[in-house]
Amino acid sequence: MAHAIKDFLKNHFPLSSFGERNKERHGSREYLHVENQGESDEDEIVYPSEEMTKASEKESSKNTSALQAAWNVLNLIQGTGTLGVPFAVMQGGYMSLVAIALISIITNYTGKLIIECLYEKPLLLPCMFSVVALVMVFTSVIGYGVTQRYEWDFNLGVTTLEGFPVAWGIILFSFVCHPYLPGIEETMEKPEEFNSIMNYSFFASAVTKLIYGFIAVLTFRGQTQQEISENLPPGALQNTANALLGLNGMFSYALPLLTLITIIHKAQLSYIPPCFPDEKHPLTIKERAMIYSLRAVFVVFTVMVAVLLPQFSLLMAVIGSISGVLLTLVFPCLFDVMLHIEHISTSRYVINLLIVCVGVLSGGFGLVFSLIAITKLYV
């Protein structure tokens, strides 16, 4: 079971090098005998010179400072999903603000669990302009809201049964960054600082979402749109915000697509050629055409979903209730318990199981009420 979990982590968190991490953590012998994967029964001997070369190459790639790593994490959790936070606050009332703080704490915790689960034993970089564009949009919304402060309405209500599950899914979606965390930790000069940069990044993100979402709903009240830039007054401000959002989408789309392609590549499907050819395995023209066509299909499919289902925040709620719950709440805690069952503390065991239960229940309710809300718009 443990090996199956590790294989799952390697395939679905593809930016990490699982084997090298264990070697780094537990040391290596002078001559490393590696089991031959071919038909021969002989062992492949890796000599010290080769091992030193590989180690030096890997060390050269570990050049990310703590500040750069924090920026990368913040970039991921301050992504496009944050645009739906005001709509979530409108749907869930004041309890949505509590949910933002609670989800930031839980996802920060489970993000650290993902890193621990990548090791065999327990422990005794995205485009900058995409974030700059979103920061400018946040600033525009908050700035406009402050100018309308004399018309603010604090009567948000505590919460509603139908609205809060939808809000939970949207907020959870906005904090999903776990598939990319191993790659960030792996390239850090000082991986031991990873937990600290997680704490600072998630705290900053939670504060931003609280202020941004609260001010937006106070300003626009029940008219808050699923994509907040639509609430800005028509003219230069709204046009600029929409243009920045378009640029953000263009610059931030590549990383999730690369992750998806990498997962397909690691799956080694017989009917799909390697997605990342190398000198040892060059691709024919036909195989290259298949790979480029596959990527084009993903892009076209994404555009079709956006055109056919333009309900931005409700779509985020559906995705957050499924993949967000699994990636940030359920899988990290389950894997932590199953891999470390022999020496996990009672308190950590209970906390993990509580998070799993919260994830399953909130995901189920969020999915149902999100689909109901979408259905009402079309029926």
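Glycine too: its Cβ is placed from the backbone N, Cα and C atoms.
What TrEMBL annotates here:
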REGION    19-45  region 'Disordered'
COMPBIAS  20-33  compositional bias 'Basic and acidic residues'
DOMAIN    63-120  domain 'Amino acid transporter transmembrane'
TRANSMEM  93-111  transmembrane segment
TRANSMEM  123-144  transmembrane segment
DOMAIN    129-370  domain 'Amino acid transporter transmembrane'
TRANSMEM  164-181  transmembrane segment
TRANSMEM  202-223  transmembrane segment
TRANSMEM  289-309  transmembrane segment
TRANSMEM  315-337  transmembrane segment
TRANSMEM  349-374  transmembrane segment
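Between the transmembrane segment (93-111) and the stretches 289-309, 315-337, 349-374, Cβ pairs under 8 Å are most numerous for 315-337. Helix first, then strand, then coil: DSSP counts for the domain 'Amino acid transporter transmembrane' (63-120) stand at 49 helix, 1 strand, 8 coil.
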